[in-house]
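**Q** Here it is, the structure, as C-alpha cells.
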Amino acid sequence: MNQQELLPICIAGQWRLGTGDRYATRYPATGEVVAELNAASLADVEEAVQGAQRAFVTSGWAQRKPHERAAVLYRIAELIRARAEPLAQRQRLDNGKPISETRALVASAAGTFQFFAAACETLEETLTPARGDCLTMSVYEPMGVVAAITPWNSPIASEAQKMAPALAAGNAVVVKPAEITPLMALELAAICEEAGVPKGLISVLPGKGSVIGDAITKHPLVKRVSFTGGTTTGRHIAHIAADKMMPVSLELGGKSPTMVLEDADLDHAVNGVLYGIFSSSGESCIAGSRLFVARALYEPFMDRLAAGAAHLRVGDPADERTQMGPLITDRHRDSIESFVALGVQEGGQLRTGGLRPNVAGCENGYFYTPTIIEGLDNQARICQEEIFGPVLVAMPFDNEEDLIAQANDSVYALAAGVWTRDYKRAWRIARAVQAGNVWINTYKQFSISTPFGGWRDSGLGREKGRLGILQYMEQKSVYWGMNEQPLPWAN
Ligand code: NDP
C-alpha cells in the first residue's frame, strides 16, 4: 500500500497520516475496502489535546460573540446541505445503512448545526434577585477541551449532536469516532474548518477505543466527555470521570418495550412495531426490541406482524427501496445469531427470520433477515440483554399492571412505545413506564429540540434540546458589589 493512498486524519489543525496501526474500513454490503488509514497513536492523542487547548486559548473562538460563533455554525449547516448527496453516499459505504437512511442522517446533522447556532445566539444569562447591595447574576463559560466519543451505528448524526453544541458553547473538540466508521467525522471536521472554525480547535482521532478513547478520557486537559456507546464502556468512562471530577454524559444501550393494547389501530401498530425494531437493521439504541401484545389480540396481531416482517426488503443499501441493509460486521452478525440460538435454547420459537439471505450483487455482505422469537418469559436472557440487531422478542400480557411490571423489568430504560386509541390509558402508561423517551402511537421519531437520554443503565445526562448547549458550559455566579459604604464587617 502506498502512502499517498492512505486517508489523512485531522490532528491539531493538520491533515496528516496517523502514526498508529494501519487498517482498512470495509463496506458492510460487500466486504470491499472503502478506505485505508493509519489509526491515531497515543502520541497523536497528546498532540491533538495539546493543540486543542492551544487553539482554545489563542484562537479567540471562545471570546467571539455568540452571534459570531452562530454564523459559523449556520455556514456548517449550509455546507452539509450543499454536499448532502455525496455525504449520504459516503456514509452508506462507511456503515452500510440504506441510502434513504443515510440521507436522513445527513439532513439531521445539518439541522443540528442550525439548531445549535440558534441556541447559541439566543442563550440568555440571568440577573438573579439580589439579597443585598449587589447585582447578582448567573453566566456561562466554555469548558475548554471536550471529547466526543461516538459509536458506529449513526455516524454524522452522532458526531453532529456532540460537536455542534460543544462548538456553539465556545469549546475545542477532540472527536473519537468508532474505529470501523471514521469517515464521516473526518468529513465533518473538514467542513467545520472550511466554514471558519479555527484550525486546531477540532481533532478527529480514529483508533481503538480501549487505547485512544481511554487516553482521551483520562487526559487531564480534557474537561468533559460526551459518550455514546455500550453500557460497559459507559460505566468504564464514568469511573474515570469520577476520579477526574469531570462531568460526563452517557448515551448507552436499551431493551425498549413496545406495548400494543387491545384497542390499538392495527395498521398503525403493525407498521410502527416493524419500523421500531427493524429499521437500521435493529442496530439502534432505541430499537423497540421487546414487544408486549394484549393476550386477546396476540395471535392475530402476530400473524400480521410476522407477515410484514417477512416482506421487508432486505437488500443493497444503494437501492432506494431497501428497508434493511447489512449488519455492520460479520462478527456482529455472528453475535446476533448466537443470541437467536440462545433464545431457542431457552425455549423460544422462531416465528419468522433467523436466516442469512442471499442478496444479489452483495453476496459477501453481512445480511440477516428480520427475526421474531416468541414463547419466552421476560426473564429470558434474550429478553434482558441488548442484541443490537433485527431480533424482536414478543410476549403477551394480561392487564395493565402486568404490562407495566414487565415493561419496567429491565436494567435499561431508554425508550418505550405504546399503541392504543384510549387517550387516558396512553397517558397513564406513558407516565408509568420508566424510560427517557416515550412514543405514543408512533415510534423512533426525533426532534433536535426535544432532549434525549436514558435512565438507569441506559445512561446519564441529556443531549439535544435548547439547553443541550449548557452541558458544554460551566455555570458561574457573579456578585457585583454596589455598596456605597464598606462592608459592615470592615468597620
Ligand atoms: P462501544 O461502547 O463498544 O463503542 C462506542 C465508542 O466508544 C467507540 O468509538 C469505541 O471505540 C469507544 N470505546 C470503546 N472502549 C472505550 C474505552 N475504554 N474508552 C473510551 N472509548 C471507548 O459501543 P459500540 O460501538 O458497540 O456501539 C453500540 C452500542 O452503542 C450499543 O450498546 C448501543 O445501544 C449504544 N448506542 C447508544 C445510543 C444512545 O444514544 N443511547 C445511540 C447509539 C448507540 P472502538 O471503535 O474501538 O470500539
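Using the three backbone atoms N, Cα and C, a Cβ is placed for every residue, glycine included.
Annotation comment: TrEMBL describes 16-478 as domain 'Aldehyde dehydrogenase'. Annotation source TrEMBL lists active site at Glu251.
Give me the structural setting of these features: burial, nearby parts and distances.
**A** Across the domain 'Aldehyde dehydrogenase' (16-478), the prediction's mean pLDDT works out to 98.
The local packing around Glu251 (active site), expressed as other Cβ atoms within 10 Å of its Cβ over all shown chains, amounts to 28. Under DSSP, Glu251 (active site) is assigned to a strand (E or B) in the three-state scheme.
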